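Colleague: According to Swiss-Prot, the protein has these features:
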- ASP31, ASP33, SER35, SER37, GLU42: Ca(2+) 1 binding site (BINDING)
- ASP63, ASP65, ASP67, GLU69, GLU74: Ca(2+) 2 binding site (BINDING)
- ASP141, ASP143, ASP145, LYS147, GLU152: Ca(2+) 4 binding site (BINDING)
- 18-46: domain 'EF-hand 1' (DOMAIN)
- 87-122: domain 'EF-hand 3' (DOMAIN)
- 128-163: domain 'EF-hand 4' (DOMAIN)
- GLY2: N-myristoyl glycine (LIPID)
- 131-136: region 'Calcineurin A binding' (REGION)
- MET118: site 'Interaction with PxVP motif in substrates of the catalytic subunit' (SITE)
- ASN122: site 'Interaction with PxVP motif in substrates of the catalytic subunit' (SITE)
Amino acid sequence: MGNEASYPAEMCSHFDNDEIKRLGRRFKKLDLDKSGSLSVEEFMSLPELRHNPLVRRVIDVFDTDGDGEVDFKEFILGTSQFSVKGDEEQKLRFAFSIYDMDKDGYISNGELFQVLKMMVGNNLTDWQLQQLVDKTIIILDKDGDGKISFEEFSAVVRDLEIHKKLVLIV
């Protein structure tokens, strides 16, 4: 490969070498302070994310080591979930992880409230939003434990074909 960087196999699961190189160039452009990782502010410089109310949650999900920034490996692994070659299960798990803020494998009433609050802002009162959250939990919670498991989440979301919309063209 000469002077070109090689990447661990687990980083390349859904991208070919040309796509990795393009993502590498994009990462370098985004890394304004040349630190080797992307801060929230650097992520926000992406026009397609600037006005996304869930951008901080996306960054939290990408940031697998929890240091508050996204390094190149985390960037590749995170964006890989949006690859057209990515599978339905992986995309559903990513969508679930946006809501599962404490990473315990369940979406609690409080987590659903927080994420929906990010999306609706002040368009609903907290009382209205809580009513929506409570109804959603009642409908999706098939085993009656008061929270939504991945299986309960995916049973509903799979039918909406969300995985077909979670695509990034590299």
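Just so it is clear, glycine is given a Cβ too, placed from its N, Cα and C backbone atoms.
Explain the structural surroundings of these features, please.
Modeller: A sphere of 10 angstroms centred on the C-beta of SER37 (Ca(2+) 1 binding site) encloses 19 other C-beta atoms. A strand conformation is recorded for SER37 (Ca(2+) 1 binding site) in the three-state DSSP classification.
Residue environment of ASP67 (Ca(2+) 2 binding site) contains 10 other Cβ atoms, counted within 10 Å of its Cβ in all protein chains.
Here ASP145 (Ca(2+) 4 binding site) comes close to no residue that lies at least six apart in sequence on the same chain with a C-beta under 8 angstroms from its C-beta.
Summarised as a single figure, the pLDDT of the domain 'EF-hand 3' (87-122) averages 92.
Taking Cβ pairs closer than 8 Å, the domain 'EF-hand 4' (128-163) reaches residues 86, 88, 91-93, 95-96, 99, 105-109, 112-113, 116-117, 120 in its own chain, all 6 or more past its ends.
All protein chains considered, the CB of MET118 (site 'Interaction with PxVP motif in substrates of the catalytic subunit') has 15 other CB atoms within 10 Å.
In the three-state DSSP scheme, ASN122 (site 'Interaction with PxVP motif in substrates of the catalytic subunit') falls into the coil class. In this chain, no residue six or more apart from ASN122 (site 'Interaction with PxVP motif in substrates of the catalytic subunit') has a CB-CB distance below 8 Å.
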Colleague: Provide, as an integer number of angstrom, the distance between the C-alpha atoms of ASP141 (Ca(2+) 4 binding site) and SER37 (Ca(2+) 1 binding site).
Modeller: 38
Colleague: Measuring Cα to Cα, how many Å separate ASP33 (Ca(2+) 1 binding site) from ASP67 (Ca(2+) 2 binding site)?
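Modeller: If we compare the Cα positions of ASP33 (Ca(2+) 1 binding site) and ASP67 (Ca(2+) 2 binding site), the gap is 17 Å.
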Colleague: Near the Ca(2+) 1 site, what residues other than ASP31, ASP33, SER35, SER37, GLU42 in the same chain have a C-beta no further than 8 Å from the centroid of the listed C-beta atoms?
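Modeller: Going along the sequence, the neighbours come out as LEU30, LEU32, LYS34, GLY36, LEU38, SER39, GLU69.
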Colleague: Give me the count of other Cβ atoms within 10 A of the Cβ belonging to SER35 (Ca(2+) 1 binding site).
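Modeller: Neighbour count, Cβ to Cβ under the 10 Å cut-off: 11.
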